[in-house]
Amino acid sequence: MAFRKKSTKNPPVLSHEFILQNHADLVACVGMFFVLGLMFEGTAEASIVFITLQHSVTFPAAEERATESKFLYYYGIKDLATVFFYMLVAIIIHATIQEYVLDKINRRMQFPKAKQSKFNESGQFSVFYLVSCIWGTFILISENCLSDPTLLWRAHPHNMMTFQMKFFYISQLAYWFHAFPELYFQRTKKQDIPRQLVYIGLHLFHIAGAYLLYLNHLGLVLLMMHYFVELLSHICDLFYFSDEKYQKEFSLWAIVFILGRLVTLIVSVVTVGFHLAGGQNQNPDAITGNVNVLAAKIAVLSSSCTIQAYITWNLFNVQLQRWVEEDTALQAPSVKKKRTKGRSSRKGTENGVATSNRVDSPHKRKEKSS
């Protein structure tokens, strides 16, 4: 994601440069189209599908004195419209953070072009991971998942979600879907696009899998652990970009990274084992949340192990690249010193010859005169 320089010239309307410079305003206009639809009776019903959560079920109050009914949600085809609207919101927030925070820091720090894209990427992900960790932890506390971990595999009803749980998953899907157009808006380099597509696709695959299989609590716990480790990673990168002396912090993050991967695997195996251990059902139905079959066990555990192996492999690649960069940075000054010493010795010999010629010139003139 390159640093964007605003030019004084106004590009032609709807041109490539015009869309890149004003994509947030264009997306905001599309979002306002759905919001304004709430003002008219004929379009309010359609606009509500995009703005509010759909597929709700009302349950009577459990207690006799309670008067408020409880609303639970399941997923359906209308969720695609809600994801699309909040994807537009994510694009607007992304552009706001980029323009009013990251671009100003880039101008003040005057990073080289090689570091600008990495700094912007780490800055955007740091904000997202921080907000998601706080939000997800609040949901886990409010639904007593931290005080009673058995809710990870015995949540009841297993095919329903609370409002905050569904809204969290809708927001997560919207954010990762918005990352696809951001590759174009942020002028991502062609060599970085495959890496970004794999990174985005893996997150979408696992978040959508937990959402569709009603493994909501398990998915939320695993996301919190993953996001916390990624948050530390990008914070370390931000400190490293500001001053390279913070390179030592990378070793501390590597330890936390490995521990996070191990805990994620342990939680996945334990939760899936208890969740699906009560006898296998011969008639699975993913719509009702009945995935208690051997195929579901293998799919969930294999996907969890695959993502952990892929992320660990990326860690080793990043570390190797940083070691190579450090070696080249250390070798460059020594080569320059050798070159400067050679040049100084040559200049010294030349200066010595010149001074000797200047000293001998009066004697030679006397010999010539005699």
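Glycine is no exception: its Cβ is also placed from the backbone N, Cα and C atoms.
All TrEMBL annotations are machine predictions without curation.
Owing to the predicted nature of the structure, the values given are computational and were not obtained by experimental measurement.
As recorded in TrEMBL:
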type     : residues : note
COMPBIAS : 335-346  : compositional bias 'Basic residues'
DOMAIN   : 117-326  : domain 'TLC'
REGION   : 332-370  : region 'Disordered'
TRANSMEM : 83-102   : transmembrane segment
TRANSMEM : 123-141  : transmembrane segment
TRANSMEM : 167-185  : transmembrane segment
TRANSMEM : 197-214  : transmembrane segment
TRANSMEM : 252-274  : transmembrane segment
Arithmetic mean of per-residue pLDDT over the domain 'TLC' (117-326): 81
Close approaches to the transmembrane segment (167-185) from elsewhere in its chain (Cβ under 8 angstroms; 6 or more beyond its ends): 1, 20, 23, 53, 79, 82-91, 94-95, 128, 132, 135-136, 139, 161, 193, 196-197, 200, 203-204, 207-208, 210-211, 216, 219-220, 223
